[in-house]
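Heads up: the structure comes next, in structure tokens.
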Amino acid sequence: MAESVELPSRLGILPFRNKVLLPGAIIRIRCTSPSSVKLVEQELWQREEKGLIGILPVRDAAEPISVGPTLSQGNGSDSGERVSKIQVGASDGHKADGKGQQEVIHWHTRGVAARALHLSRGVEKPSGRVTYIVVLEGLCRFSVQELSTRGTYYTARISSLEMTKIEMEQVEHDPDFIILSRQFKATAMELISVLEQKQKTGGRTKVLLETVPIHKLADIFVASFEISFEEQLVMLDSVDLKVRLSKATELVDRHLQSIRVAEKITQKVEGQLSKSQKEFLLRQQMRAIKEELGDNDDDEDDLVALERKMQSAGMPSNIWKHVQRELRRLKKMQPQQPGYNSSRAYLEILADLPWQKASEELELDLKAAKERLDSDHYGLVRVKQRIIEYLAVRKLKPDARGPVLCFVGPPGVGKTSLASSIAAALGRKFVRISLGGVKDEADIRGHRRTYIGSMPGRLIDGLKKVGVCNPVMLLDEIDKTGSDVRGDPASALLEVLDPEQNKAFNDHYLNVPFDLSNVIFVATANRVQPIPPPLLDRMEVIELPGYTPEEKLRIAMRHLIPRVLDQHGLSSEFLQIPEAMVKLVIQRYTREAGVRNLERKLAALARAAAVNVAEQEEAVPLNKDVHRLSSPLLDNRLADGAEVEMEVIPMGVNNHEISNTFRIASPLVVDEAMLEKVLGPPRFDDKEAAERVATPGVSVGLVWTTFGGEVQFVEASRMVGKGELHLTGQLGDVIKESAQIALTWVRARATDLLLVTADDINLVEGQDIHIHFPAGAVPKDGPSAGVTLVTALVSLFSQKRVRADTAMTGEMTLRGLVLPVGGIKDKILAAHRSGIKRVILPERNLKDLAEVPAAVLANMEILLAKRMEDVLEQAFEGGCPWRQHSKL
């Protein structure tokens, strides 16, 4: 160890943040900041072996001060030095000035002089910054009298705290000091014995107890193990040898006791190794053997990680026992065995499932939810009201098991987006399960694990992807499922949608129950009829009929046009579509119930405008946010006089910023000429019904399809024959039976309907009847065409034309009664879109008119019929002249 040295009156100071260097200790630091590099160059590098520096502990200003005095301001100055309030970083080795920020910190008044045992100089590339790696040895304590700055580093006027030789001899003869020395040596010897036994080292450390003075030995021992910064400062401030020995003995004894406690715990744990722990140790040994043989793989590590993942998955106790049994079986298998990969994939799926992980619901704000629904969807008043009622119940009783909502309506009316709005209002994640065309029951319940390539059902897979056990799950197109030899998916959904059964949903792949009661299910369908009655009984049907032309106009102006312009990189500065033109698009080109086809037509107009903008001949100026590309290649091209043909637009620029780089003289305003040029000739007009009903034997009916209500023309013709009935137009069994009933009714009442001439010749007898439903490529079925068929036949035989502004719907019995039908709102909206002014409905459908918008009813005349004669009275111009002769 170093002998006592003479300290100069002034030393360069290297601050140590929250760290203390004790005499006799050795530390290695790396200096990179300008101040510390300058200090090492001036005080150590140039002076070689004679160089000394002072190590002074510093503390952050924000930390509490509880040990020893601190220094914050000097009181004098030497020649060429400045004394001021110190605001410093600290040494690089302890990250005090790593951020280059100046902050007020507290300097300790006592430090340790140190000398360099090793110095190495380096240069960082490519910055060229000089760095030093310094190995320092603590020598002796000193006290700071005055702190000042010299250039970029700090110096201090100091006084040594080391005892003189005479003072040292007096203390060594003190009885208290002798007792403390013996206690310290005994404790230190015990610590060395424990460490040498534990580390299997020789007795080199014991030589220190015999060769090093006792007062230096205390510092060396304390510096060799981890203690707190406060305790390090106490040791630094212990100038009195008896105090220093007492504190050192306490710290060494504490370290010794902690080692003994750790060994005792280790021995106790090793003595109580269970069977599984012994197996783990054996597997670790086997792994080490495999490493030596070069046959090592990472399967064991993966299995440990998989087990840890399953432990954190929060599985129920009964399922956890099943998983442990499967995991033990997997550990005994070799990766080459056939069932290893399938068993491992099974456990990984179980570990990934959200058994207890749920998304926290937001506090329901009904006003905000209503505003969200109004902003996302126009109209649909009753549907929105039902959703608000549903959310209100959830707010009052969060764990309520509400009904499964089933939105039924034609495509393009917003069924799927309504389900996503419910998820947003509840603050839950949203997952969509498409059931269109699903015919395999395994898509719902999963495959059994005995099959190759087996996998869980779509519900479990959706929960795995979304990562929570309480999402809003949309069962889309629930009416499109089918059944074959692989099972019936609709029947499998019975358990899913029943709140009394889905607590323990059994997926065939998992083969363990999974709780689906926290999932909010929402279904969508185009038609109710294909859904099996037991499944329909588990859902609350909410019908979403089509939109009126006025609603379509508002939707287009508020939602569709801004979205279309944004998708095509345009704005209102380039393309303007007036309301009048949107009305023409709705009337002449789109008559579907939804708005998807309307959006396609608007997109066609936007594409035409995009071509017009892109083909303009004016120069394209660079956007103000786009920076010019700078590269040596580009500079060389510019120097050679070449022209740059391309400008680079950053990724952060959005569509509007890109479109702003274009400049046109005036925006493109859509007019009728542009409509015909882009969209072609009009597909529909208001004269269609009048033209097609211009001859007898044609009537106008209203039918309901998966695309909403539609106007259906019925054409009848006759010829001499045997009284046979021919039907064309891809018709179903029900509509064929309605045609047969209509013909029978007309024949039975030919006399009452004045279909017999003065010569008693029955116009109905001896005639072959041909009834055709146009649009033969579209399948048609249902009973609601009964009254339309009778009207067409009566018009054919009486040679009287049906009113062109009148449409009708209703089922007819063999006795002439008119029965109610469904889809009234959709049918009336279809008639309104086609320009029909009068609609004949069954009398018992009067209650369904409450769902029809008032604006539509105000522009139409609704006529109610109880019997077939009422229909005929209203269908012909001037009424039915033969009704007075009827005996009915």
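Even glycines carry a Cβ here, placed using N, Cα and C.
According to TrEMBL, the feature active site maps to Ser784 (among others). Long-range Cβ proximity for Ser784 (active site), meaning a same-chain Cβ under 8 A and a gap of 6 or more residues, is found for Gly701, Leu702, Val703, Trp704, Thr809, Gly810, Glu811, Val821, Gly822, Gly823.
Contacts of Lys827 (active site) defined by a Cβ separation under 8 A and a same-chain sequence distance of 6+ are given as Leu702, Val703, Trp704, Gly709, Thr809, Val839, in order along the sequence. Residues annotated as active site in TrEMBL: Lys827 (among others).
The 10 Å shell around the Cβ of Gly409 (ATP binding site) contains 25 further Cβ atoms across the protein chains shown. The feature ATP binding site is assigned by TrEMBL to Gly409, Pro410, Pro411, Gly412, Val413, Gly414, Lys415, Thr416.
Look at TrEMBL and you will find 11-256 tagged as domain 'Lon N-terminal'.
Under the heading domain 'Lon proteolytic', TrEMBL lists 693-878.
The ATP site is set by Gly409, Pro410, Pro411, Gly412, Val413, Gly414, Lys415, Thr416; from the centre of their CB atoms, other residues of the chain with a CB within 8 Å are Phe407, Thr524, Leu544, Ala593, Gly594. Around Pro410 (ATP binding site), a 10 Å sphere centred on its CB holds 24 further CB atoms from the protein chains shown. If you count neighbouring Cβ atoms within 10 Å for each of the binding-site residues Pro411, Gly412, Gly414, the highest count belongs to Gly414.
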